[in-house]
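J.: Just passing along the structure, written as structure tokens.
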Amino acid sequence: MSALFLLLHLLHARRKPLKVGEDENMAQMKDAIGHFTGAIESPKAFKAEMKLFLRLFSSYTAQRIERRILDWDKIQATTPNQVIKYEDLPASGNVKNLLKLAVLKFNGGLGTSMGLTGAKSALEVKDGLTFLDIIIQQMKDLNEQNAVDVPLLLMTSFHTHDDTIRVVRKHAGERQRITTFNQSRFPRVYKDTLLPCPQSVDDDKEKWYPPGHGDVYNALVHTGLLDQLIAQGKEYLFVSNSDNLGATVDDRILQHMVESKAEFIMEVTDKTRADIQGGTLINYDGHIRLLEITQVPSEHVEDFQSARRFKVFNTNNLWINIKSLKRVMNHAGMGLDLITKEKVASDGHTVIQLETAAGSAMRHFNSAHGVHVPRSRFLPVKTCSDLLLLKSDLFSLQNARLVLSAERMFATTPVIKLGEHYRNVAEFQERFKYIPDMIDLDHLTVTGDVHFGRNVTLRGTVIISAGEGHRIDVPPGCTLENRLLSGDLKLTEL
Ligand SMILES: *[C@@H]1O[C@H](CO)[C@@H](O)[C@H](O)[C@H]1NC(C)=O
Ligand SMILES: *[C@@H]1O[C@H](CO)[C@@H](O)[C@H](O)[C@H]1NC(C)=O
């Protein structure tokens, strides 16, 4: 009887008339989402969030039919006016600009790529301090040194909210300047059926996702924070990723923003082999825009990744005029390029996540342009190799800023390649109990089960490779210079 009922119900649901221009996938998604709202406390906020999700989903279904790919032949290099050199900016900034500034960090990321289960920003990175500790200290120094009161906004996701609150709570003196707010929570979608994974609003965390940092614009509006900033007389918003400790407030860029009246500035920097996935700035039909790898026709992906043609990439350090942001949001809302990510869920199903990135907002702003900044403004930690660099003696914290050691002969950092045994932070910490000195290191490759003793120095090119099932212990106090070690070694004498 109930099976028959279900069948009838399904048949009925299928036969629902479609609105003009609305495809069947969209209709069934709306229907499924509609069933969620019954049991929740603040259906208004939830409905607003689902409306945003449905908008993204509808551009996804539309693109399945007609994929909007850029016309590759129309892509041109940016002009010097479109990407300005940092060296050409005013030599310093007016302190008064800081009165109109607010700083925002994207803090929604889990460190899953490094095997972390919590917020990446709560990971200890240097001198016993987490990313968040250092960011909060950077803001404290900025405010004290300039006798100003620049607020710090932390955008968290449902994954990172609790960890963030825990770290912020430790900084009693700074807490009144810090605002945390949640970004949206969207349902993951089964790739085969295009139905939502969650069955109800309180279904498993794993069935939901935070839809990327492009969500910031809507979150600022929905939380009322955008209006609050305007009421406080704030005009400029500096946003960046919380795992990039190089993204400190820069008075020259801020001064340039004030003088040039640009509504949006994107900091870009030289592309290395490690950054080939990053978005780049292009001149398209005479307009500057961000080109992401997802928009590149497959036959041109190699061109896109080449550092010869596209020399710079987006650091995600963005400077936004707050009133202009309000204008864009009031006018037509923030249309952003869709990014589709596929994942395999723990139940083995392939799911998709529809996301957006903050940088693609650029095209909605007047006089938007890039500033080509030194690499020191981009020090992200995406892998344990990045973490090793920052933890080493190559960098020190001075006034909460990461500074490359003056003893280093070159302005560049060594190339570090760690194998599979160093993919997650726990394994990394187990093997790098002590961080070697690296001031004179050019290149390091470590694969297999290698353990570092206290006070090891690495110089030049060092390659250490333990064979499968073998272990190498690098003894305390030793110096390895231009050495290749492999096999199964108990190193006692070198
Ligand atoms: C933000 O999300 C967390 C975790 O989902 C929740 O506990 C908290 O109440 C939310 N905060 C607000 C202001 O909605
Ligand atoms: C570390 O090793 C160097 C030689 O590489 C030695 O001069 C120094 O005394 C050692 N320091 C400690 C703390 O063991």
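We number each residue from 1, going along the chain as drawn.
Just so it is clear, glycine is given a Cβ too, placed from its N, Cα and C backbone atoms.
Dumping what TrEMBL says about this protein:
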BINDING   Lys120, Gln183, Gly212, Asp243, Lys382  UTP binding site
BINDING   His213  substrate binding site
J.: Sequence gap of 6 or more, Cβ distance under 8 Å: name the residues on the same chain that satisfy this around Gly212 (UTP binding site), in order along the sequence.
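T.: Counting only residues 6 or more apart in sequence, the Cβ neighbours of Gly212 (UTP binding site) under 8 Å are Ile339, Glu355, Thr356, Ala357.
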J.: Between Asp243 (UTP binding site) and the residue listed as 'substrate binding site', what C-alpha distance do you get in Å?
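T.: The separation of the Cα atoms works out to 13 Å.
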J.: Using Cα coordinates, what distance in whole Å links the residue listed as 'substrate binding site' and Lys382 (UTP binding site)?
T.: 16
J.: Please state whether DSSP places Asp243 (UTP binding site) in a helix, a strand or coil.
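T.: Going by the DSSP assignment, Asp243 (UTP binding site) belongs to neither helix nor strand, so it counts as coil.
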J.: Can you give me the same-chain residues 6 or more apart in sequence from Gln183 (UTP binding site) with a CB-CB distance under 8 Å?
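T.: Once residues fewer than 6 apart are set aside, Gln183 (UTP binding site) is near Gly108, Met155, Thr156, Ser157, Pro210, Pro211, His213, Asp215, Val216, Ala219.
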J.: Least buried of the binding-site residues Lys120, His213, Lys382, going by other Cβ atoms within 10 Å?
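T.: Comparing Cβ neighbours within 10 Å for the binding-site residues Lys120, His213, Lys382, Lys382 has the fewest.
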J.: Test of understanding: give the count of other CB atoms lying within 10 angstroms of the CB of Asp243 (UTP binding site).
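T.: There are 25 such Cβ atoms around Asp243 (UTP binding site).
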